[in-house]
Amino acid sequence: MWAEGESEGLQTLGIVVVVCSSLKLLHYLGLIDLSDDKIEDELEMTIVCHRPEGLEQLEAQTNFTKRELQVLYRGFKNECPSGVVNEETFKQIYAQFFPHGDASMYAHYLFHAFDTTQTGSVKFEDFVTALSILLRGTVHEKLRWTFNLYDINKDGYINKEEMMDIVKAIYDMMGKYTYPVLKEDTPRQHVDIFFQKMDKNKDGIVTLDEFLESCQEDDNIMRSLQLFQNVM
């Protein structure tokens, strides 16, 4: 059985990883410095060229100033000359940040959360819209974005298998360097705890309202959402 503190930590892990992932992308673009190590390898980008919407429009749609958007776009274009990022690039980025684990499935799910139009590529507009929510959005906006990540088939609900897929992807990405060392059945235990807490009416699915209510009742999750508020 899991102790209460351990289960709360597991419930918070998914939220922290979602927000931290946006920081990994900012670091990759050279906009913030997360460590002293520099990434030497250049990743191959798609050839298709994309020009973003006007900065004034993006400023109105996000929580970034025009100056911040200019800095973000400069970094994005330096690393992604084509103006778009594909899923394979996402996987290569996360493979470098998590070399001791397998980040491919988590990168897959995160890519599709960023690719809101399901075009198979993440444009600058997609990138800054997601960052705006994750770094400067309200609690509700951040939690809604996270809910959308977990709702893999986009039917408006999270079922146990979807949660299992995301949680397993997170643990696979973290690899062997986790503390305490995770047992093989840990993801399933995590999912069972999640649903016991969040599935208020015990119907086997978690709605957005149930997700929002449960997360806002959890002090650990609320604190985790504030950790990266001022990274830019």
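Our numbering is plain: 1 for the first residue shown, then up by one each step along the chain.
Placed from the backbone N, Cα and C atoms, the Cβ positions cover glycine too.
Where the annotation comes from TrEMBL, it is an automatic prediction and has not been curated.
Just so it is clear, the model here is predicted, and its values are computed rather than measured.
TrEMBL lists 102-137 (among others) with the feature domain 'EF-hand'. Counted with DSSP, the domain 'EF-hand' (102-137) comes out as 24 helix, 3 strand, 9 coil.
Sequence-remote contacts of a segment are chain residues at least 6 beyond its ends whose Cβ falls under 8 Å from one of its Cβ atoms, and for the domain 'EF-hand' (138-173) they are 13-15, 17-19, 94, 98, 101-103, 105-106, 108-110, 112-113, 130, 182, 186-188, 190-191, 194-195, 204-208, 211-212, 215-216, 222, 225. Under the heading domain 'EF-hand', TrEMBL lists 138-173 (among others).
The annotation domain 'EF-hand' is assigned in TrEMBL to 186-221 (among others).
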